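Single-structure report; data block below.
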Amino acid sequence: MSSAAPIVCLAGPTAAGKSAATLALAQRWPLEVVNVDSATIYRGMDIGTAKPSPAEQARVPQHLLDIRDPAQSYSAAEFRADALRLIDEIRARGRMPLLAGGTMLYYKALRDGLDDLPQADPALRAELEARAARLGWPALHAELARLDPATAARLAPNDSQRIQRALEICTLSGQPMSALLHGRQRAADATPHRYVTLSLEPSDRAALHARIAQRFDAMLAGGLLDEVRALRARGDLHPGLPSVRCVGYRQMWAHLDGAVDLETAREQAIAATRQLAKRQLTWLRAQPERLVVDCLAGNASGRVVDRVAEILAD
């Protein structure tokens, strides 16, 4: 595969059919998948992340699956370094790298580089998570509002991951994150590649919502609750961790904690998945170079294959 060929980013909201499209592409090209997903990186979290099955992984080489224990974190900076390395390695084997997944922050880091902000500090992060477990994220959001009003104003009081990062930056740098971003400098080693986003998007939002509900019910039937129960039984995991905050896992965790009944947890998980899909679509529609395939159309995977052929021939 030529190093000058564009790299296809197969993106789309959750439940859009990216996995099926990936398998269709693998029948046409000798590809390897670089997963762009902040949930499938975790070992022992298979059902609720819709991780490719062992049979699917046997058909198509997959990268960045099962690379972290759920007690560990994985940053956008780590993803960027891993993805750039993998792209070069895959091309050196004469194969085609395909970026596939729905974590838009990872795509942004890969395309645009990273802000020159302090690296994560595990000790400080653990301290913030402990305080949040004791006081709640709205209390930490109020603290952020005093330190960095501009950043706090654009974050929801329960946006734990972003509140945590903003407080971390304030503490480590002594400056508000908003001030640092205002005069930010992107990493000098901008990516040498051209990325083309091929986005699976629904022509009917209600139909996607129905898919989301059906898929989550299938996860429950497939053993999601037992999967979360096993994670919880370890004793070293808690709801402040990025792994446990994943959609579906945090709602089932709350149910096992006795906070809500199973039906309420199910409804909350489906609603959270819909909200995630909405955020993913909002980000995708702002991308300058984006080709769209209706994920609800007949033979959507075949249409993806046709569009990729056009991209590579361009």
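Residue 1 is the first one shown; counting continues down the chain.
The backbone N, Cα and C atoms fix where each Cβ goes, and this holds for glycine too.
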Do you know which of 17-20, 37-40, 69-72, 181-184 Swiss-Prot annotates as region 'Interaction with substrate tRNA'?
37-40
Per residue, counting other C-beta atoms within 10 angstroms of the C-beta, which of the recorded positions THR14, SER19, THR103 reaches the highest number?
THR14
Please report how many Å separate the Cα atom of ALA16 (ATP binding site) from that of THR103 (site 'Interaction with substrate tRNA'), as a whole number.
14
Taking the Cβ of LYS18 (ATP binding site) as the centre, how many other Cβ atoms fall within a 10 Å radius?
25
Helix, strand or coil at ARG125 (site 'Interaction with substrate tRNA'), per DSSP?
helix
Report the residues of the chain - excluding THR14, ALA15, ALA16, GLY17, LYS18, SER19 - with C-beta within 8 Å of the mean position of the site's C-beta atoms, for the recorded substrate site, in sequence order.
GLY12, PRO13, ALA20, ALA50, GLY102, LEU200, CYS295
